[in-house]
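Worksheet for the structure shown next.
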Amino acid sequence: MEWRMTSATVIQHYIHQIQKQTASAISECTAPGLLTGKAGILLFLYHTAYSDQNLMELELDVLYQHLHSEQLDYSYCNGIAGICWFLEHLNQHNSVYDPDMLNEVDTLLTHVVHKDLYGNEIELLQGLSGISAYFAKRSLRTDQSKFYELYLAKITIKSVGVAAGSCWEQPEESVFRNRPATESEYNLGFAHGIPGIIACIAPALRYPSCHAHAQKLLGHAYRWLQFQARPTACRYGYLAGDTALTRPGWCYGDLTIAVSGLQIARLMSDTALAKSFLDLAFETITNAEAYAKTDDLTLCHGHASLYVLYLKMYQLTDEYIFRLTAEQHKTNLLKELPLLLENSSTHDCSFLNGLAGIGLALSSCINNLDWLDVLMVINSAKN
């Protein structure tokens, strides 16, 4: 008990330091986005019970002002979908929930999808799938079946049917494309590729009018994805056919595919598929040396991401090895964090690649992971 108290005290100390630095930086932050700006910093401050309510209310007002700016895009990373995910998250944590608070945003983003106004991307951070991530949050408390009927139709049209199943090619115009347009490119990362697209289909399983379509599409997509697994210890590369070793983290790699896949396979009631993703998660531990080295602390691809992902696997399975592995990454995080905090003039305070995300990951030692759907879209609580 004494060690636990000491550990919690140390973690709370670092959370307070991160609160001070992010609160100091937020007024100078010009980006409003969830993963890159004010909304993500506010998510951290809210979940860690930051004491300056005047600052919180002031910055929330600024965020609302940004929503009325014509300069905002519709994306989950930087734009309307992500900011409104955060507002819905706050709404769902209020003592009285207002189901109509974001009705205008629902209408706007449905129109954006219907008219294909979201740009060239179809992935999670900047594209079509990120709009679904917003509606996934809304669908926890409101009926979004009409949106998902539309979304399934749109994402199906954009899929490529191949012998192994269904998948989505990286658009030629995508800023995330690596190969020339003359070559096919299938991205295997959660942030910019097919695993993230799959996760954004899964909320449609909630609705009888969408269930059969979503179940079929998910089945075909997972069949294709598993066909891409390499016979090496590091199963999934950055791109299909890639030989490079991925570094473990949220944005790319086997662990995120396993955590997401296990939850979605359970929603599909596919026991065999769920077991395959559980086995993949075990492999990330037994074959840890096969992966590229983790060399930063962030939620995107650092020790913070590995801590919360293994902690989530422990919650989902009660397999103690996942908790032990999570603790190892928490130890690595705490070991390297002081140097990052000392270098206060150069660090990033944002959620995905900065201090806000690191702080929120640390808070999971004390609180819970009920915010993790900001990264995973699906955040099942059951074992």
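Just so you know, glycine gets a Cβ as well, placed from its N, Cα and C.
Just one of CYS251, CYS365 is listed by TrEMBL for the same Zn(2+) site as CYS300, HIS301, and that one is CYS251. Each of the binding-site residues CYS251, CYS300 was ranked by the number of other C-beta atoms within 10 Å, and first place falls to CYS251.
Cβ neighbours within 10 Å of HIS301 (Zn(2+) binding site), excluding its own Cβ and spanning all shown chains: 26. Taking the mean position of the Cβ atoms of CYS251, CYS300, HIS301 as the Zn(2+) site, the remaining same-chain residues with a Cβ inside 8 Å of that point are ALA191, GLY249, TRP250, TYR252, THR298, LEU299, GLY302, SER305, LEU352, ASN353.
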